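Everything below concerns the one structure shown next.
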Amino acid sequence: MTRPAADQPPAPLPQRPRLAADVRVHEPAEDGAPWLVQSGERRYLRVTAGMARLLSLTDGTRDPGELARELGAPWTAELVAEGLLRAQRTELLEDAGRPARRDRRVTFVPPLTVQFTLVRPERMLNRFRPLTARLAHRGWAVTAAVLAALGVLSLAVQAPAAWGALAEPVSAPALLALLVVTYCGTMLHEFAHGLVLSHYGGRPSRMGFMFFYLTPAFFCDVSDGWRLPKNRQRVRVALAGIATQTLLAGLAGVGSLVVAATGGSPGLRDFLLLLTVTNYVSGFFNAVPFVKLDGYLALMSHLDISHLRDRSMTDARRLVARLLFGGRYERALPGVEWAPLFGLACMLFPLYVVSMAFTLWGSVLESTGLVGAVVVSVALGYLSLRVYAGARRLGAEARDAGASRVRRAAVSAVGAVAVAGALWGISVPYSVTGGFVAERGRTVFVATGTTDLDAVAAGARVRLLSGGVVLQKELGTATVGSAGPVGLTAPLSALAPVKGLDAVRVPATGIVLDGTGAAPGTTGQAVVDAGERRLGDWLYLKYLAPFWR
């Protein structure tokens, strides 16, 4: 559902109001189910039976008095006008001053998702209903669960091999195949949402491609699931994609075990292990209810609470505002005691995800030069804007709750001083990341033009890592030699987690390392220990300085 639009002064009602062209009133699908009003493709509002009757009669042929007579007691012209004003505020009535909403192929979904509609899948998915009806059986569900469990067991049995596959570079063909198969799995994930919704009688409205927080992905719009009469049906629609991905992971895991047991290609086994881990991790991330993905939709559907995350975050923000600034606050979800804690988790989880992403990928992005610096800086800039917007909303909550201006100013000043003190007074380890290559009887630290070579001092300790696609395995240590940096060309495999591309060389700067003993032809990631820096200096050197080095 989409929250109604907001607190603007109401315009005068037309003499004979009419529903907007894209608004439809849906009767309850069964006894006990709610009345729903649909506005456009993605917005659904629950209304009372009386309000539904009023909207159904609002066809531009009656004024409020005539509508009241048509509805009968207890409706009066004043009550009808009040209901119509609410409908007008939520943009359910026709408004000559508002441009008509059109179905767009490109849709922006705040905060950072752009969707490109490719197909209207309702008719296509209806053809699969007989197959879906046969698969919607407990026996198939048990089979899928067993396969998913066997996939986890296969990872446990092959733990050393799985660790090795994650910690080693992959060949370019394997990486390309992994991307293709992973995105095909994502398509099946979204297709499964649509199939289950169609099975229960819903209408998937759009399928297509999107950039989800700058990451390419697919989507299937199942907003029509709000018309389903039972919570468990909406839960199954939400979890269909996760079930599909865990099934794919299980099949890949069992396949890797079969390849290993029959003495098949180690490369194929590693590929299947990577595919297994990728799908399990994707399924797990989708199941976490603190972001607006499948797990959250399933929880919201199970509890039958619309806008659960937004309203919980409002309660969390008001709890923090009350503790910091004082004041009197109303609960957005007064009947849900755990809502503030859930809201806090929803606020903090994106920070955790970003920190984990930087832990896994930050060093790889650093070694790719300006492109990596741009990606990291954009991500951190966006995160900073979100934190700033959250702080402003926190202040607005406190102001609206009547908190003392003096206390708000004092707490804000203390917060600013604490941030400044942390930036100035806290020291953190600083390192310089690049690649290394062992060739011509020497091992060379290689870096692109944005690397902080001024911090690479002679004698500094260097960790040599495997440069894996996800994890890193330490191969040895070295020290920075006394010779200065020189221009050279380096194999691409020294700067990216891809092997077999030694013939592809890129311009770089090199510094000879001492005491490595690396085998000729070895490439990977190199991390130079550059001492400590104040937190403010560390942030500047990592995320701003690369743009003008």
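We number each residue from 1, going along the chain as drawn.
Every residue gets a Cβ built from N, Cα and C, even glycine.
Since we're looking at a predicted model, the values are computed, not measured.
Record features, source TrEMBL:
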type: REGION; residues: 1-22; note: region 'Disordered'
type: TRANSMEM; residues: 139-163; note: transmembrane segment
type: TRANSMEM; residues: 175-197; note: transmembrane segment
type: TRANSMEM; residues: 237-259; note: transmembrane segment
type: TRANSMEM; residues: 271-291; note: transmembrane segment
type: TRANSMEM; residues: 338-361; note: transmembrane segment
type: TRANSMEM; residues: 367-388; note: transmembrane segment
type: TRANSMEM; residues: 409-430; note: transmembrane segment
By Cβ distance under 8 Å, which residues at least 6 away from the ends of the transmembrane segment (338-361) in the same chain are close to it?
288, 290-291, 308-309, 311-320, 331-332, 376, 379-380, 383, 386, 390, 470-471
State the residues, same chain only, that lie 6 or more residues beyond the ends of the transmembrane segment (271-291) and have a CB under 8 A from a CB inside it; answer 'none' if no residue qualifies.
151-152, 154-155, 158, 161-162, 165-166, 170, 174, 177-178, 181-182, 185-186, 189, 241-242, 245-246, 248-250, 252-253, 255-256, 259, 298-299, 309, 342, 345-346, 349-350, 353, 469-470
Can at least 3 Cβ pairs under 8 A be found between the transmembrane segment (175-197) and the transmembrane segment (237-259), with each pair 6 or more apart in sequence?
yes
So what's near the transmembrane segment (139-163) in sequence-distant terms, Cβ-Cβ under 8 Å and 6+ beyond its ends?
243, 246-247, 249-254, 256-257, 260, 269-270, 273, 276-277, 280, 471
